[in-house]
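Read through the structure below, which is laid out as structure tokens, and then see the notes.
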Protein chains: 2
Amino acid sequence: MQTISAPHVMQFPAWMARGAARQSDTRPASAPNEARRSFAKEAGIFTQGDQAQSYYRVMAGTVRTYRVLSDGRRQIDAFHVPGDIFGIEMGEVRSMSADAVEPVTLLQYRNQPLAELATDDPEFAQQVMGAMLQALERAQAHIMLLGRKSAVEKLATFLLGIADRLSGLGCVDLPMSRIDIADHLGLTIETVSRSLTQLERARYIELPAHRRSIILKNISALRRLDS
Amino acid sequence: MQTISAPHVMQFPAWMARGAARQSDTRPASAPNEARRSFAKEAGIFTQGDQAQSYYRVMAGTVRTYRVLSDGRRQIDAFHVPGDIFGIEMGEVRSMSADAVEPVTLLQYRNQPLAELATDDPEFAQQVMGAMLQALERAQAHIMLLGRKSAVEKLATFLLGIADRLSGLGCVDLPMSRIDIADHLGLTIETVSRSLTQLERARYIELPAHRRSIILKNISALRRLDS
DNA sequence: CGAAAGTTTGAGGCACTTCAAAGGGCGTGG
DNA sequence: CCACGCCCTTTGAAGTGCCTCAAACTTTCG
């Protein structure tokens, strides 16, 4: 049984606090707090360990965010497509890296105290909150995938999800390589390839020649694998 | 290459919207929006599919939140200990279940529009934001664990994390069973047990008789496994 | 057209699972 | 206080899904 002692003080991001000290706070308060930025394919957007001073909304392209262990093992926690917000951090330092899977256009937002944001632009504040909750929900679904699903089930779930977000079910043009998929699903590229072949042989999907687009032939069967 | 079409409209939780319709909104606006609730060991707090009308802060005890696949496979996404906030949902329906690992005391908060909360009690609004970000950060770390770590590494990471949160490093009194640990780490109970034995034989930990407390003997070695 | 990179396929190995049984703790009742 | 039974945990043995290593194939791009 837990002691009934005072609950730990809840941490919260320093930059959210009203009046938190920030460098380069010389911009006029009225200036739009956003900047358009573009990145080439495979370009880094930020890196584990960087100072976290802003977050982003994807306008075009696909971004991957990931962590790397000391020995090089990589885990991609999410792909971000147009409309998604990513890069909000708890601490002052990046816990993740991000880079462009394909050419990307982003809107960059400087971190800003929540109270200020809620006052200045309540609708946008809502969207930011919503983005955080959506990221959390997706992370939780991904935890289920990684912890308890087989390789084929992982692929089925992934294909349904990415198709839905990128193009609507039916056909996807995958922006990412097999390596990226493997590092997202906790598999090796060989297992990704074999599982796709397996889904193709079962007539659940079709793999056209250039290997980057995938046609979902039997969506209800894929959903069944998705449980 | 992505089309540069208008980004998807960002979803956000309906209950956050100012003026969102809510049932039973007859309570006076000034009433404290919190209620103390207690649950017995193994009691359910909410279930996948329920209406999500509130969230909780743990005062005492330990809570697990989890998803279950149609065939019964379970994945515990997190354990929540005193000070933690859990149960904030994106949609109107619970995507997770929660129950008490041991006797639990909670504070229950009704969902409330963000703008209202930010005005009424900005400090608490910060804490809620912080709780969401902390949950996200932990989920991301857990994704790395599930996707890329070996069984022994998973145990090392888990023990360091839970000890730190429950009692400070050195010694933990685990509130949860091996089954819970297995379903959290994406393993079977047998593998959990074998990995603990392995850590014990390496003199990294010690397992006293009653099997529920664990002494961390070699924290730096455990951290090395944690990468 | 040729080189390079990405993907698929094959063979063998290993980490973790599955199935099975034995070994404690703990509470109850004698 | 000890004996009994239940449940949780540990240990063992065999199986398997995914990984590793290796090579062939395909697509892309200079």
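Backbone N, Cα and C atoms are what each Cβ position is placed from, and that goes for glycine too.
Taken from TrEMBL, the feature domain 'Cyclic nucleotide-binding' covers B:45-87. Remote same-chain residues near the domain 'Cyclic nucleotide-binding' (B:45-87) are listed as 15, 36-37, 39, 93-111, 127-128, 131, 135, 138-139, 142, 162, 165-166, 175-176, 180, 183-184, 186 (criterion: CB distance under 8 Å, separation of at least six residues from the stretch ends).
Per TrEMBL, domain 'HTH crp-type' is recorded for B:149-220.
Each residue in the domain 'Cyclic nucleotide-binding' (B:45-87) gets a DSSP state, and the totals come to 0 helix, 25 strand, 18 coil. Counting residues of the domain 'HTH crp-type' (B:149-220) by DSSP class, helix then strand then coil, yields 39 helix, 9 strand, 24 coil.
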